[in-house]
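Taken from TrEMBL, the feature domain 'Major facilitator superfamily (MFS) profile' applies to 35-445. Among the features that TrEMBL reports, region 'Disordered' is placed at 1-24. Annotation comment: TrEMBL describes 35-59, 71-89, 101-120, 132-152, 173-190, 196-217, 251-273, 279-302, 314-337, 343-368, 380-402, 408-430 as transmembrane segment.
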Amino acid sequence: MRPNILTPMTSSSPAPGADPGPLPLPAPPRHRWKVLAAGVIANAAFSVVFSGIPMTAILMRSGYQLDTRTLGLALGLMGLGIALSELPWGLLTDRWGDRPVLLLGLCGTAVALAAMALWASPSPAHIPPFGLLAGGLVLVGLLGGSVNGASGRAVMGWFAEGERGLAMSIRQTAVPLGGAIGAPLLTGLATHAGFAAVYGVLAALCLGAAAFAPLWIQEPPQSPLRGKAAAPDRAATPTPSPLSDLQAWRMAAGIGILCAPQFAVLSFGTVFLHDHAQLGLGAAAAVMSVVQLASMALRIWSGRWTDRHRNRPAFLRACCQLTLALFAGLAVLSWAGHPAGSAAMGVALMVMLGICGICVSAWHGVAYTQLAGLAGAARAGTALGMANTSVFAVCFLVPLAIPHLLSAQGWGLVWACAAACAGWAMQLFARAGAIGNAKAAKTPQLHENVGCLTPPTSPRS
């Protein structure tokens, strides 16, 4: 008799001699918090690289002697590398496990950054060819793309369904945390010590984060990668790949499109504040740090709140609507006139950009949890790889598009397009069934860490 994987975990005991089916697992051990901490550290280290380097955009423009369009290309190349590598890294994570992927990716990223410090850093006597900078940034992205899917799969495996929103949101706070650290740190290093110091410090951070992977990252107890005990049940009921699921692709595309307004703020926010709002370099970096720190708090709150209320679809819909409204307001304010000679207008633009940057960063953990739950914990690496491929493809395209939008109609058009992206993402989420209605929030969900489905109304073990 084959085990019935659709049987609720609260079903009565089987008759004597019958196959009892899959047994409920004990509550996840405390070690899951170490797994989460290692994931946060890995993501934060790479986020200092990914989010921090764009904060040096003004200094990069002068240090490498780039025009605005070439600067946009440079800022997008790391995102291109991540986009190209996310899905392969996700597939490898599901096959090999989280630990080897994190070790390989973080150590490789550190080596690439060290090479950039040696051969792709400008000095008063030498400006390296743009090809060296471009190749280095693409390579850093290709290797650093390992971090996102691996750490997310570990969290999905170790945490129960009712905790995953909070856990994934805590993991996602690593992105603004890295940005908050990177903005003042890398700007100061680039100003006083040059880009060789920037890349050297980033290499050291990645090596330090890699040290936690062998210490704390383990496969969850029920994972088939831990041994052969779980293999028979897994072989009998293989989890379908999200690569063949149109809903998963729509959800992943929506996540990427909704990141476009955020990447516009992260990549060109300091340029906007410096050139259009007439803020100094230090003040612009401080504003971006505040945006990142506030985003951390909002991500944790959103994960906990949606876990308690089981309302991830409604929350995602509200985030899309709020993002659309806020960026439309920023577009109108930017079109109102150049703030030269008007301190009040400069302050208004600074405050509005800060609010937009904070609010557009609140939803990530919730959306990733929704997608990973749709795919199943065993396929979370692939699903998160799909999402991050979409995210970082957008990350590559946004800095390329902004200079062209600027030359056409100025900053107002940039922020209007960001608002339109939020509306587009809302449509994709709706077509994926992620924000359709309250009924969507009550679909069957993965039970704890076991690969079986249970009705949402069944009591939790």
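Cβ coordinates come from backbone N, Cα and C, glycine included.
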Contact set, same chain, for the transmembrane segment (380-402): CB under 8 Å, 6 or more residues outside the stretch: 54, 71-73, 75-84, 86-94, 98, 141, 145, 148-150, 152-153, 156-157, 241-243, 248-249, 251-253, 255-257, 259-260, 263-264, 267-268, 367-368, 371-372, 374, 414, 417
Ranked first among 173-190, 196-217, 408-430 for CB pairs under 8 angstroms with the transmembrane segment (251-273): 408-430
Contact call for the transmembrane segment (196-217) and the transmembrane segment (343-368): at least 3 Cβ pairs under 8 Å, seq gap 6+: no
Interface present between the transmembrane segment (35-59) and the transmembrane segment (279-302) (three or more C-beta pairs under 8 A): yes
Beyond the flanks of the transmembrane segment (343-368) by at least 6 residues, Cβ under 8 Å: 152, 165-166, 168-173, 175-176, 251, 254-255, 258, 261-262, 265-266, 269, 272-273, 276-279, 287-288, 290-291, 294-295, 298-299, 302-303, 306, 312, 315-316, 319, 322-323, 326-327, 329-330, 333-334, 336-337, 384, 387, 415, 422, 434
Contact call for the transmembrane segment (132-152) and the transmembrane segment (173-190): at least 3 Cβ pairs under 8 Å, seq gap 6+: no
PLDDT averaged over the residues of the domain 'Major facilitator superfamily (MFS) profile' (35-445): 88
The transmembrane segment (35-59) touching the transmembrane segment (173-190) per 3+ Cβ pairs under 8 Å rule: yes
